[in-house]
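Residues annotated as ATP binding site in Swiss-Prot, with sequence analysis given as evidence: 11, 72, 73, 102, 103, 104, 105. Feature annotation from Swiss-Prot assigns ADP binding site to 21, 22, 23, 24, 25, 154, 185, 186, 187, 211, 213, 214, 215. According to Swiss-Prot, the Mg(2+) binding site annotation covers 103. Residues or ranges marked as substrate binding site by Swiss-Prot: 125, 126, 127, 162, 169, 170, 171, 222, 243, 249, 250, 251, 252. Taken from Swiss-Prot, the feature active site, proton acceptor covers 127.
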């Protein structure tokens with residue numbers, strides 16, 4: 001293999017730049033040229049492709065976002081549109097592609113693989129919802145961003161004796177809510193994977209109040225429903241002074257944590273190794289702190305699951 005491409009797609013996550021850097025430097029170490037594809041699959045279709053050198057990825061390992069930019073490209077689901085992308089890859093002499101992103105990005109890589117072009121997926125999403133890996137690039141940074149925000153909100157909640165409902169990202173996966181809620185001692189954690197009884201939530205809050213608790217924190221993943229509606233329901237049912245905070249896109253930004261930088265470096269380099277070995281159609285991950293790779297089609301057939309033991313622990317500790 002003489003030449004590979006790399007792109008980032010979908011929602012950005014801290015550590016994507018570290019992964020790009022690892023792909024470029026690992027490939028050049030093996031005398032392979034690397035071409036960056038800008039704006040994800042949209043840039044692939046339009047031919048926004050440029051050669052990357054060692055200097056192209058200097059001074060980016062500590063930066064959030066993605067040097068290659070990113071975009072969503074729903075039209076890439078069309079086989080004819082994908083053929084245009086493959087034509088662009090062949091036009092530039094690119095023989096393999098590293099795709100850094102989440103579920104939608106993996107779907108694109110899977111489709112390219114099925115159409116005969118070798119791709120390797122690298123899990124880059126703050127949601128931590130990609131099958132075949134314990135952690136995704138960006139999750140740890142986003143988690144620490146959320147924890148820092150909740151710590152600050154708890155200070156004001158304590159001062160004003162208020163109940164706070166805090167909405168975090170996670171449309172289909174509750175990992176951010178669960179990990180942050182457990183780390184911050186939230187009184188209640190609501191996630192899409194687990195049904196909840198609003199009457200039980202209110203009863204828990206009232207029990208806390210009866211034993212002298214002056215404030216409470218409820219962490220809600222966005223996929224559960226409107227945090228504003230949940231906050232109104234709580235205030236009406238308890239008469240507690242209740243506020244709602246939606247953390248939003250602040251969770252995606254910021255300098256990546258050491259863990260995300262190292263994870264991204266390991267996974268990006270491993271993706272290049274797989275392409276060199278002629279193993280396209282794979283996705284890389286980390287399980288039990290060991291690098292692994294899976295068939296991307298088989299991986300996407302699996303479903304991300306929440307850590308049931310951790311969820312149960314959060315309930316037991318929030319009595």
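Glycine is no exception: its Cβ is also placed from the backbone N, Cα and C atoms.
What Swiss-Prot annotates, mapped onto the structure for a quick look.
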| residue | record | DSSP (3 states) |
| --- | --- | --- |
| 21 | ADP binding site | helix |
| 104 | ATP binding site | helix |
| 127 | substrate binding site | coil |
| 171 | substrate binding site | coil |
| 213 | ADP binding site | coil |
| 243 | substrate binding site | strand |
| 250 | substrate binding site | helix |
| Candidates 125, 169, 185, 213, 250 (binding-site residues) with Cα within 10 Å of residue 103 (ATP binding site) | 125
| task | By CA-CA distance, flag whichever of 21, 171, 213 among the binding-site residues is nearest to residue 73 (ATP binding site). | result | 171
| field | Distance [Cα-Cα, Å, rounded] between residue 252 (substrate binding site) and residue 72 (ATP binding site) | value | 16
| task | Mind giving me a neighbour count for residue 125 (substrate binding site)? Other Cβ atoms within 10 Å of its Cβ, every protein chain shown. | result | 27
| task | Inside 10 Å of the Cβ of residue 23 (ADP binding site), count up the other Cβ atoms and send me the figure. | result | 31
| What are the non-local neighbours of residue 21 (ADP binding site), defined as same-chain residues 6+ apart in sequence with CB under 8 A from its CB? | 57, 60, 61, 265, 268
| note | Spatial hits near residue 125 (substrate binding site) (Cα distance within 10 Å) out of the binding-site residues 11, 23, 72, 102, 213, 215 come to 11, 102
| message | List the residues in the vicinity of the ATP site, defined as same-chain residues other than 11, 72, 73, 102, 103, 104, 105 with C-beta within 8 angstroms of the site's C-beta centre. | response | 9, 10, 40, 101, 107, 108, 125
| said: Among residues 125, 126, 127, 162, 169, 170, 171, 222, 243, 249, 250, 251, 252 annotated as binding substrate, what is the maximum Cα-Cα distance? Answer in Å. | reply: 33
| About how far apart, in whole Å, are the alpha carbons (Cα) of residue 215 (ADP binding site) and residue 102 (ATP binding site)? | 36
| query | So for residue 213 (ADP binding site), how many other CB atoms are inside 10 Å of its CB? | reply | 14
| Taking the residues 11, 72, 73, 102, 103, 104, 105 listed for ATP, what is the greatest CA to CA distance in Å, to the nearest whole number? | 13
| note | Taking every pair from 21, 22, 23, 24, 25, 154, 185, 186, 187, 211, 213, 214, 215 (the record's ADP binders), the biggest C-alpha distance in Å rounds to 58
